[in-house]
Amino acid sequence: MKGIIYKSTGSWYLVKAEDGTYYNARLRGKFKHLDLKVTNPLSVGDFVDMNIDPLTPTEAMIFNIEPRTNYIIRRSSHKTAFGHLIACNIDQSILLVTLKQPKTSIGFIDRFLISCEAFRIPAVIVFNKSDLYNEALMEEYLYLKDVYEPLGYRCILTSMEKENGLDELMPLLQNKISVVSGHSGVGKSTLINKIFPQLDIKTDIISDHSQKGKHTTTFAEMYDLNETSKVIDTPGIKELGLFEIENDVLSHYFPEMRSLMGQCRFHNCKHTNEPGCRVKEYVEAFKIAPTRYESYCSIIFEKDTHR
């Protein structure tokens with residue numbers, strides 16, 4: 001019997017079969033998938049084959065994982081040599097960010113977009129909590145919108161508190177499997193509650209001391225918006241370490257740098273200190289946003305110092 005993973009709790013998985021029946025399932029024995037070094041062999045969105053337990057008809061044993069079309073992955077916070085799958089087989093990612101309470105760093109945004117670019121997953125950036133914006137924060141939003149939208153990342157301004165912007169976001173969720181990601185406290189669970197009011201998911205709490213969110217969604221879970229649309233809620237990501245993306249291909253995942261491939265003096269240019277670098281010329285001419293280049297250099301330096 002075939003099914004799709006709707007929730008992963010570590011050792012048990014909630015699987016929806018093709019006939020709409022849900023099963024609590026386990027993975028048979030030790031399982032390696034495509035030699036991918038991950039802490040979680042199965043992820044929400046995975047298509048699987050399973051056998052129903054004849055003694056317990058509500059349970060099943062997973063014996064095969066279908067090939068994945070794509071996935072979003074981050075470096076494991078506990079085992080840095082391993083990755084941790086966030087979601088698989090998705091059509092688009094919705095990144096919720098906030099400029100206040102808590103503030104999402106530009107570096108985090110860029111790292112997430114790199115993870116999406118690695119598998120050509122379209123990304124939408126949702127700037128939430130606009131009801132907290134003053135004039136300076138609105139200017140910051142407009143600047144970031146001017147940076148990201150020309151690169152192909154749609155930007156939407158929302159306030160879950162005031163229900164502003166949902167009319168622009170909701171149509172984008174139709175006929176797709178969408179994964180919602182971001183820091184704790186940015187409003188992911190609140191968004192899911194707006195989309196699925198019958199769920200009444202516990203919402204994020206902001207610590208007065210740290211101004212950072214506390215985890216409320218413990219495990220990723222997928223919900224049916226309708227017969228052709230699904231939304232995946234994910235736990236808050238504190239830090240997003242890139243996994244299996246080497247320095248020599250990092251620029252490929254920056255659209256503004258990818259368009260300049262082959263134009264540098266040296267074919268193996270890292271776009272940092274080399275002479276005749278076309279990318280640096282564009283940065284100096286403000287044709288590439290300085291914040292994007294800073295993110296690129298930060299990742300390059302981080303990887304070089306941890307070799």
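Note: Cβ is positioned from N, Cα and C throughout, glycine not excepted.
Per Swiss-Prot, the features are:
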DOMAIN    78-240  domain 'CP-type G'
BINDING   Asn128, Lys129, Ser130, Asp131, Gly182, His183, Ser184, Gly185, Val186, Gly187, Lys188, Ser189, Thr190  GTP binding site
BINDING   Cys264, Cys269, His271, Cys277  Zn(2+) binding site
Densest Cβ neighbourhood among Val186, Cys264, Cys269, Cys277 (binding-site residues), 10 Å radius: Val186
Nearest-integer angstrom distance between the alpha carbons (Cα) of Gly182 (GTP binding site) and Cys264 (Zn(2+) binding site): 35
Of the binding-site residues listed as Cys264, His271, Cys277, the one whose CA lies nearest the CA of Ser130 (GTP binding site): His271
Zn(2+) site shell beyond Cys264, Cys269, His271, Cys277, criterion: Cβ within 8 Å of Cβ centroid: Arg265, Phe266, Lys270, Thr272, Glu274, Gly276, Arg278, Val279, Lys280
Euclidean distance between Cα atoms of Ser184 (GTP binding site) and Cys269 (Zn(2+) binding site), Å: 37
DSSP three-state assignment (helix, strand or coil) for Cys277 (Zn(2+) binding site): coil
Candidate binding-site residues Cys264, His271, Cys277, pick with smallest Cα gap to Asn128 (GTP binding site): His271
Where His271 (Zn(2+) binding site) falls in three-state DSSP terms: coil
Least buried by Cβ count (within 10 Å) of the binding-site residues Asn128, Thr190: Thr190
Sparsest-packed among the binding-site residues, when each Cβ's other Cβ atoms within 10 Å are tallied, from Lys188, His271: His271
Cα distance (Å, whole number) from Cys277 (Zn(2+) binding site) to Thr190 (GTP binding site): 45
Number of Cβ atoms other than its own within 10 Å, given for Ser184 (GTP binding site): 21
Maximal Cα-Cα distance (Å) across residues annotated as binding GTP, namely Asn128, Lys129, Ser130, Asp131, Gly182, His183, Ser184, Gly185, Val186, Gly187, Lys188, Ser189, Thr190: 19
For the binding-site residues Ser130, Gly182, the one whose C-beta sees the most other C-beta atoms within 10 angstroms: Gly182
